[in-house]
Each structure stands twice: as C-alpha cells, then as structure tokens.
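Engineer: So TrEMBL says this about it:
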{"type": "DOMAIN", "residues": "19-150", "note": "domain 'EamA'"}
{"type": "TRANSMEM", "residues": "20-38", "note": "transmembrane segment"}
{"type": "TRANSMEM", "residues": "50-69", "note": "transmembrane segment"}
{"type": "TRANSMEM", "residues": "81-101", "note": "transmembrane segment"}
{"type": "TRANSMEM", "residues": "108-128", "note": "transmembrane segment"}
{"type": "TRANSMEM", "residues": "134-152", "note": "transmembrane segment"}
Amino acid sequence: MWVVGLAHVYGGFMSTSLSGLLLALLSMLTLGISTYLYKQSTAAIGPTNTTFFYYLFSLLIAIAVWLAFGEKQPFDKTALLWPALLAAFLFTSVWAFNYAVNAIDVSVAATLRSLSFLVTIALAVSISHESLAAKDWVAAALAAIAIILFGINPQR
C-alpha cells in the first residue's frame, strides 16, 4: 500500500510509463498472493464468511487510503454508478471464486480466473472502440494459451 502512495505522490518524478508499470506489477504481485490466500481463508471460515470479512477489512483499508490519497476535486454524483457497478461485479467475482477454491484446486480456479483479461479485451474493443494491433491479438492469444497450458494437469 505504501508503494502505491509513494508512486502516487512521487509520480511526477517518474516517467508515466515507469510508474504505471510499477503499479501494474504491484497489482499483479498482490493479486497473486491474495488468490493463494483465498484457499486458506475459505478452508478456515467458509466462502461467504471470507467474502464478508474480506470486504469489511477492505473497507477499513480503503477509508484510510482514501483519506490519505483520495482525489479532492468535485464530481457529478451520478458518476457513482461506475463504482457501484464495479462493486457488484467484483463482489460476484470474489464470492464465486471463494466457492470455486473451496470445491477445486486453487491452481485450477486461478487459471480460469486469469483468463479474465480476454473479457476485458473484448469489452474494450467492442464497447470502448479501443483498437489492437495484430501483435496485440497474437500476444493475447499466446497469453491465453500459456494460462490454459499451465492449468492443465495430467495427474487430475
């Protein structure tokens, strides 16, 4: 968390691409750790309890981060629709994942969950009209293939 704060505060001293890459790497690292921790938590207290307490503790952390680093500019209150939609989809994702890791190996559930970038690409291209070069499509396909191959375990 402190790295995010430092990157936010000192972002002017770093190139935008470097700070963006560092934050993306931090996100990847912490998501990987949290994905592993879901299995331990759901085994200890159950999927729904894990989801509830995850969001409760996240709220406390988010309040502290928002107070320290939150944007201070005013915004149109109707724009709160976006974080509300985000919360609904993230909640569903986390809750479903918590049940998945309770029923199957965390490595299999994480592999399937890792394919979410394909949904993001599809939405960005079809709704936001982002364009991808041919190399980007090849990279996405290779990444998806790598994730799928990693998740295949012939011993299962």
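Glycine is no exception: its Cβ is also placed from the backbone N, Cα and C atoms.
Here the structure is a predicted model, which means the values were calculated and not measured.
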Engineer: By DSSP, what is the split of the domain 'EamA' (19-150) into helix, strand and coil residues?
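Structural biologist: Once the DSSP states are binned, the domain 'EamA' (19-150) shows 114 helix, 0 strand, 18 coil.
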Engineer: Mean pLDDT for the domain 'EamA' (19-150), rounded to an integer?
Structural biologist: 93
